[in-house]
Amino acid sequence: MKALVETLKATARETNAADIRAAFAADPNRFARFSTKLGDLLLDYSKCAVNDQILQGLEALAKAAKVEEKRDAMFRGDVINITEERAVLHTALRNRSNRPILVGGKDVMPDVNAVLEAMGAFADKVRSGALKGATGKKITDVVNIGIGGSDLGPVMATLALAPFHDGPRLHFVSNVDGAHIADTLKLLDPETSLFIVASKTFTTIETMTNAATARAFIAGRLGEAAVGHHFAAVSTALDKVAAFGIDAARVFGFWDWVGGRYSIWSAIGLPLMIAIGSENFGRLLDGGHAIDEHFRTAPVCENIPMLLGLIGFYHRNVLGYPSRAILPYDQRLARFPAYLQQLDMESNGKAVTLDSKPVEFATGPVVWGEPGTNGQHAFYQLIHQGTDIIPAEFMIAANGHEKDLRHQHQLLIANCLAQSEALMKGRTLTEAKAQLTSKGMDEAKADRIAPHRVFTGNRPSLTFVYDQLDPFALGRLIALYEHRVFVEGALFNINSFDQWGVELGKELATGLLPVVEGTESAEGHDSSTAGLVTALLKAAR
Ligand code: F6P
């Protein structure tokens, strides 16, 4: 693998691959050659620093890393999450073909379908008003209490699919900061509120603490007997849910082969289903399944997740770019960058290979972003003229949902396309100077000012275009990025499906709580931690 990467570096140098502007000038067909379509979904990667030789080298890399074999093992239900000894089968949750998928010799599809059906029946009852609170009133507000994968998916998707939201109001509480639940409870009438406690493990301290606060809110206002009417739960740990006191009929399970950050397709999607209805939720699953079929069967160079993963690897390990910006020109995808941050960084932020050796590549890049056009007025300065090159990933719908505001959508499209064009083309010193002198500036001043107005250009970006942001389109986008993370993880030869890196902080927080509560001394902690505890305790009122 290392040798292939070195070859790719040489190919990039020899073919002058990073000069994207020159590549466009030399080839009027560049867009046609380096873009691909799947239904109405278009991926344009012609503004990345690729050419035929680079793509051939990347394909060789995929072969050497056995990416296709690893992909097949995932879909088959092999135990590919080796540190937790689990299969990785979020694809089974959206397996609309219903083809049997075996885990330990047992087909998981009947259980998957049964939970989906139970979720649908429950969601229908909440949406229709048939499910009542303890005092006989219908539910107007649903509060999801969860964090990480038990929060980000439903939060992101509920906003993304706002035009389809015809169920009760939704609220999301994740942070252990009491401000989050306190601000939410202020908006609620306990008689008409339903809390969904969502936690794969049902041990996560933030979720358990917020759930206890919500329980006290209901019990305090409506009496202890009312609690059962106002709670439901989603978890893989059904015994722990029972101990919390939630009626089994309101508990929706999933399985250890669903990673938290891959769980939106499971019962973790219940709040979303309550918001948009089971039919629309089914369309989200259809979108995910369409990508699964594409990822399973399309040849590497026509396979969108493969291309995304290979280009991502290329940016990071051949061209040395440290981060990746996710820039949806779709306000309702405002939480998509945060969602992808967990998906990508919790999956591929690793330094040890599947053989327990130090990884030989730079693994997952920093993933970040904001919707356009807002980002343009905040951080795009650095993307255009900063010293780091940051590959940008744009996404734009051909159609907004606001038909009477078509002009605003045209402005949005124009801005999205202008940004990728500017990143690629840039502006030379000569052009910058000519622009200034044409406006009447004298030569000496133009010489001083022009360098500040130079854009290097050749800054890579790719663009997704889709017809409209609907459940199917969203399902497709999420699954594309899931598989892209898979491809990159396979190239790094790491396990993308555990998350030991979040454990140490959790352990230390548990140990520090009695110190912060003042019942244990800070002795044994480093002087910074001890000093901070002392300062906080001194200032505590
Ligand atoms: O932050 C670590 C993590 O385990 C994530 O992977 C997960 O999505 C989140 O915590 C929440 O976990 P749970 O659903 O078990 O409460």
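Including glycine, each Cβ sits where the backbone N, Cα and C put it.
Pulled from TrEMBL, these are the features on record:
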- GLU346: active site, proton donor (ACT_SITE)
- HIS377: active site (ACT_SITE)
- LYS506: active site (ACT_SITE)
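Recorded features from TrEMBL, shown on the structure.
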| residue | record | contacts (Cβ under 8 Å, 6+ apart) |
| --- | --- | --- |
| GLU346 | active site, proton donor | GLY148, ARG261, GLN499, GLY501, VAL502 |
| HIS377 | active site | none |
| LYS506 | active site | ILE205 |
